[in-house]
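Student: Structure in structure tokens, see below.
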Amino acid sequence: MTRQGSVSLDADNLWSYLKTHGDSTWEARPSYLDALRPRLLDLYGRHGITGTVFVVGHDAAKEDGQRLVSEMAAAGHEVANHSYEHEPWLHLYDRGQLEAELDRTEQAVVDAGAPRPVGFRGPGYSLSPELLELLAERGYEYDATTLPTWIGPLARAYYFKTSQLPAEELDQRVALFGSASEVLRPVKPYRWDVRGPASAAGLAELPVTTMPLARVPVHASYVLHAHSVNPRLAKLMVAAAVRACLLTGTAPSLLLHPLDLLDAADAPGLEFFPGMQIPAAEKARVLDHLLRSLTKHWTLGQTRAHAAALPVGGTVLGHDTAGPGSTSSRVRALLRR
Ligand SMILES: [Zn+2]
């Protein structure tokens, strides 16, 4: 059983939450990255973790985002690609649009002083065969988008229900990505049958860890939510997640979000979000408990290191005919299921 796990934070900014919730104040691109940066550095530092931050290109091109990128990189953390505009419908983008999303973010990250990203996570867990192919071609080592849970498909179904797309397009797109059988994708890391210069054995996929068997996400937001109901419930949840991961030999890939480290005072406009009334210092104690519980059993490192620990010759999803630029029908079929 591999002991190499990982922890990553998706640096979703204040504006992207407001945008998702249809609040027009997002257009001024309000940001809390200057509040987030020291807390994230502290959290990783307290636990001796060299972790990952997935940054949005539009932020990395601005001053406070550049500070986040350069200080994280200087502290030895990985800076990875979380798209340029953080639009959770990337799976509807054509190749040219996807290329621009990747390219502009890579450029912003490099300009801010970090190495060119080799890892990607789609906003809102959105992913497509074209995107996987592009990642492989561009020298990415891994994708970390998938969340094998029943909660993702429900959230996406809701998005489609409330979207303005014409009915027939909607049908087509629901068929492509709205299926609840996404829950059947593997929980453990595996490889996609798409290859590129840095992924000769197949592009690695590092799913966000969901509770093995029950497939409930164990990411920090849920633990904090449980804590707000009853602190003992949060501890039981952490203990159950650790036990399930140990039993099934799953090294966790823990996902954090900015709101796990911030409180209502840091994020004006998001007071209504679950858990925002918990003071940031109290949240930090809950996260400390979670990280201590995990680091007892696993080394939590960068998602890049976690993907690299994936043995060559393990599970490969898709057919073995895909090369750079080609399309594997099996990968398409899998994503469509
Ligand atoms: Zn995000």
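Each residue, glycine too, has its Cβ placed from N, Cα and C.
Pasting the relevant annotations from TrEMBL:
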| type | residues | note |
| --- | --- | --- |
| DOMAIN | 20-150 | domain 'NodB homology' |
| REGION | 318-337 | region 'Disordered' |
Student: By DSSP, how many residues in the domain 'NodB homology' (20-150) are helix, how many strand, and how many coil?
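Tutor: Its residues divide into 68 helix, 12 strand, 51 coil.
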Student: Over the domain 'NodB homology' (20-150), work out the mean pLDDT and round it to an integer.
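Tutor: Residues in the domain 'NodB homology' (20-150) carry a mean pLDDT of 94 in this prediction.
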